[in-house]
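What follows is a set of notes on a single structure, which appears directly below.
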Amino acid sequence: MTQLRSHPRLVRKLQDSLGDQLCVALDDATVVEIMLNPDGRLFIERLGHGVVAAGAMTPAAAEVVIGSVAHALQSEADDERPIISGELPIGGHRFEGLLPPIVSGPAFTIRRRASRLIPLDDYVTSKVMTEAQASAIRSAIDSRMNIVISGGTGSGKTTLANAIIAEIVTAAPDDRLVILEDTAEIQCAAENAVSLHTSDTVDMARLLKSTMRLRPDRIIVGEVRDGAALTLLKAWNTGHPGGVTTIHSNTALSALRRLEQLTAEASQQLMQEVIGEAVDLIVSIERSGKGRRVREVIHIEGYRNNHYQTEHYAQIEEDSHVA
């Protein structure tokens, strides 16, 4: 993730280019994402309301926004460098900007960084998960199990991870947490915690190697997305249990297959036994037309006879959803 500069002048320039509407949206805790399409149409996703049209932006104005972000990221935005990725100097929100020729017109998305922590109890009261699922998660935390949260884009993986981390801090306040991320999204109130972030020159695998020298009690990774997954699994297996990570996958079982794919990027050996030993609990969350819900919680009991040994906890009712 490209490092940003947060000089007040750059912040003011970016605020001016975004305009009042988008600045207000970025201050709105219910906003999930702001999207500008190449045709100039704006859309905003809000919790409980889904995606709604929010007006339009001219190509010239969109180019100014992308250029301002690029400047803050100490980069350039032009036809030879048409992709700008990074964190906004306003709030640390995730930004992805695109310019022609890879799109027909300037486009960007802003994934708003969550500002409100949703307690695990709220997931139950709003019927995003069952009481049995919440109990399984709490039991896993108390037993220092490693938890993988799976889901698609926009399913709420990071928000759920923050809720689980808050439970960890409550259950084990003396534990030292080391948190590794590409983008700063994890919220952690632990007194003894260290947050590390990747850069253009330091990748996740390198951060994980450094983490082993930082005396972690629990290792938390914002998202596993490459061969560094193998390094994390080995760390979990060698005296650092009780960790949390997220992974892009639509179901709990497909999360195991995804881990197989990622570990294959770092090793030619099959890693099912390593995965079966390191991963204890998979929490699968999804977003549907009815809202977000925890689809399933699965306990992994190892890998034997060419199969993962699993135990399913109660699934949420089919008609349940979060508002």
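Residue numbers in this text run from 1 along the chain shown.
Glycine residues also receive a Cβ, built from the backbone N, Cα and C atoms like all the rest.
Database features, via Swiss-Prot:
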BINDING   Gly151, Gly152, Thr153, Gly154, Ser155, Gly156, Lys157, Thr158  ATP binding site
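Cβ neighbour count within 10 Å across all protein chains ranks Gly156 highest among the binding-site residues Gly154, Gly156. Each of the binding-site residues Thr153, Ser155, Thr158 was scored by how many other Cβ atoms lie within 10 Å of its Cβ, and the smallest score goes to Thr153. Compared over the binding-site residues Gly151, Gly152, the count of CB atoms lying within 10 A of a residue's CB peaks at Gly151. Cβ neighbour count for Lys157 (ATP binding site): 26 (other Cβ atoms within 10 Å of its Cβ, all protein chains included).
Look at Gly151 (ATP binding site): DSSP puts it in a strand. Excluding Gly151, Gly152, Thr153, Gly154, Ser155, Gly156, Lys157, Thr158, which define the ATP site, the same chain contributes Thr246, His248, Ile285, Glu286, Arg287 within 8 Å (Cβ to the Cβ centroid), listed in sequence order.
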